[in-house]
Every structure is written in C-alpha cells, then in structure tokens.
Amino acid sequence: MWPRGLRPDLAVVAAAGALVTAAVVIGGAIEREHGTLRVHWPPYYAHLEPHVGPGTPAALLVAGAVLGYGPALAARLRWRRLLPAVWLASMAWIWSLAMVDGWHRGVENQLTSAYEYLQEIDRFADAGAALRTFTDHILLHSPDNWVPHVAGHPPAAVLTFVGLDRVGLGGGPWASTWVITVGASAAAAVLVALRALTDEEHARSAAPFLVLAPTAVWVGVSADGYFTAVAAWALALLALAARSGAGAVRAPRAVAFAAGLLFGLTCYLSYGLTLCALLGLTVLALSRTLRPLPWVLAGVAVVAAAFTLAGFNWWEGYRLLTERYYEGAARIRPYSYWVWGNLACAVTACGPAAVAGARRALVSAARTGRRAAVRLRGRRPDGGPAAAGPDSRARLAAVVAAAVLTIAVADLSGMSKAETERIWLPFLTWLLPAAALLPRRGARYWLAAQATTALAVNHLLLTGW
C-alpha cells in the first residue's frame, strides 16, 4: 500500500532526474559540437572528476549523525538551543564538503581566482574614490575594467572583503571562513521565519533538511552563500516584525527597520536579489499586515542613500552590468538550452526531498488559491460561510510557491545563463523547507536522499565553487 501522495512524489523526483540526465546528455553534445555553453560539464560549472579527500570521512560522519539523531533533536531541543545547533551542524556539513576537495582547492584558493573579489582589494585603498568611479570600470572595454565578479555586482560585495582585509582578516582562508560561517546561519534564519509564519512544528520538521542540504556544496565556498544568509535574515526579521499576538517581538518597528537595512544591503550585494521582494511581499501577505512596510522601506532607503551619497548609482551600475553581461559568455550561451538547463542545476542543488515537497506545496497553493477565490464570493465550496485564513501547512506551501515563482522569474529573465547552482542559492534555500510537507514516517529516507545527493555531487564533480 503506497502512503498517500508518495507515488506522485516519486514521479516528480523521477522527472527531475530525467531533466538532469537530459541536461547532461544534450548539454554535453552541444558543448562538444559548438562550444557555446562555456562550462566544462554541462549544465554544471564543474569538471567530471571523481575524487575523495580529507573531508570525506567528516562528511560521512556528519551525514550519519544528522540522519541518526537530527530529527529527534530537532523535535526535542529547546528553541533557543535549536537555532545555534542548526547553525553549527550546517557549518560542519559545509566545511566537511568543502574539505573533500582539500584545503588548498576547497577552501584556501576558492575565492582567490582571477574572477574573484579578492583580486581587486588593493584598488580600494581609497574606498571613496573607488566607489565614485566604480561604474567607469564595469564594461569589458573600459580602462582597468573590474574582474567579472566585481563588475557583475554592486560594490557592497567587494567592500565586504575589503572590510575583512582592513581588520586583518585578508586573504583566501579568512574570506572562505567568513562565507561559510555567515552562509551557514541561513539555516537558522529560515527556521526563525518559518516559526513566525507557520508554526514551530513545521519549523522543527524542516530543521534537519536545512542542515543536510545539497546547497551546502556551493555555499562552501562561493560568495553567494554569504548573500544567501543576508537575504534570509532580512526575511526572518520581516516575519518577526509582522507577527502579532503570542510570540510578537517587543520592538516590531526596530526589527522592521533592521530588516530594511538587510534588504538594502542585499540589493547592494547582488542586482538579481531585488527579486527577494517577491518573498518579502509573501511574508506580508501571510501576516496580513502592512505595518512593518514603512520601517522596512526606511531601512532600505538608508542603505541606498549611503551608497548614492558615496558616489555609486545603482541604476547606472545595473544598466552597465547588463551590457557587460552580454559582452562576455552570455553573448554566445544559448537561451534555448539554459532556460531549462538552469532548472536541472536548481533541482540538483535543492535535492529530491525539496523537489517532492515543492510538488506538494504547489498543489496546496493552487488549492488555497481556489478557496480564496471562493471566499471572495463569500461562500465555501460546501455552501457554508467563508472559511478562515490558510493553516500552517498552507502558509508553508505559500512560502515555497513564492520561491518557485522567484526562480521562474529569474530563469525567464535571461540574466542567469549557467552557474545557477550558486547564483540562485538565496532562492533555493526557501525550497528546502518544502521537505517538512512530506510524511514524517519517511523523513529519514528523504533526508538520506538529500545527503546522498550532496555527497555524490561533491565527490563526482570538481565544482568551480
């Protein structure tokens, strides 16, 4: 007897596997024949190079520990202890996976390539002058053009590593340590948001899946892992600020303002992360309040004003970045492949449990939408009075559906051709809690599938991040 919903869950996971297989086979043929995809092992920015490393035993140990004890501890630990426990466990998972490639390849040199932020640290000796002339060096043909990652992002990204250098934490090892430490905290941020938006039970159910996530392969180490945490904490604080009744924070305006500061920072870390506004609007819609919005906007305005007064024009930067993007590999990378190849990267990064959970979330969100339409007419389908708002499960489904929508918009924009396994980390992170929608009795099997996916990717592929 199949548990209810398991057959379609397995069917959508099989479909995701078929998508990945097609992306690998077709992408490989395109790259061999035309060389237009500009990645070594399509659709991933990686080489096919099976290997083990010093992190392999640790990764197996962490996976085994979370599989064996994670669900029980997530259910039993006091909430204030669960959050740091999830952060530390996530950090252990990310570090162990990074070390599979060895210290030098996996950590020390990961953020020191010719494309990375650390290459431009010395040009920020006068940070004010660098900001005032930042847009002068974005285009590929401009004098002293920035390396790709600096050119492709607003200046808050590179300024983060400049700041680390100024306080004596310069170089690749410290940069990677910063990214992993901050990036791992995204798991705790998502838990905070889930508890505020849904309930503690669903948050606790999601905790082990936030730890043993395949996304950890790219959080350790790419700067997008750091961006992910900033965006996640912005949404978590917004969820807290919007909460009313039992569990409401004591200073909701201050929390909303802090959320705004982080949202503003998010927009100055990556142009594409303005799409996090869709997730933010979902938080407000589920909370049924706009009270935090003025304070959030005030926080965003402070960050925007600071960068603008320092001489950086965000809109000009985005316009030039779009031009630079199509001066490079994006000019020849075919949209017809990447518009679906990107999705193969996404399902790999979030794992089979998130894929199956996302199916349930979309079904639930569609059902809730139909009921909402009925409520607008003042009647339930059974003829009774209009029902109350969505329950906790439906709220979680709405968050996941919003993440799916955000990814769809990013994909269709054409501004993400390849490397979406890392670029979309801030969105993919919100697909991971979808696993809490799966039946509890099969949770360990799904958790094992997540760990297996991460371990397989990390040991079969030598990823670029």
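Placement of Cβ uses the backbone N, Cα and C atoms for every residue, glycine included.
Keep in mind that this is a model prediction, so the values were computed, not measured.
What TrEMBL records for 51-70 (among others) is transmembrane segment.
Per TrEMBL, the feature transmembrane segment maps to 82-100 (among others).
Under the heading transmembrane segment, TrEMBL lists 175-197 (among others).
Annotation source TrEMBL lists transmembrane segment at 209-242 (among others). Distant neighbours of the transmembrane segment (209-242): 63, 66-67, 70, 86, 89-90, 93-95, 97-98, 106-107, 110-111, 116-117, 149, 157, 160, 176, 178-180, 182-187, 189-193, 196-197, 249, 252-253, 255-256, 258-259, 262-263, 265-266, 269-270, 273, 276, 279-280, 283-284, 287, 289, 291-292, 295-296, 348-351, 353-354, 421-423, 425-426, 428-429, 432-433, 435-436, 446-447, 450-451, 453-454, 457-458, 463, 465; these residues of the same chain sit at least 6 beyond its ends, with a Cβ under 8 Å from one of its Cβ atoms.
Look at TrEMBL and you will find 254-286 (among others) tagged as transmembrane segment.
What TrEMBL lists as transmembrane segment is 293-315 (among others).
Annotated transmembrane segment per TrEMBL: 335-358 (among others), in sequence order.
Counting residues 6+ beyond its ends, the transmembrane segment (51-70) has Cβ neighbours under 8 Å at 89, 92-93, 95-103, 106, 207-208, 211-212, 444, 447-448, 451, 454-455, 458-459, 462 in the same chain. Annotation: stretch 293-315 has the most Cβ pairs under 8 Å to the transmembrane segment (254-286), among 82-100, 175-197, 293-315.
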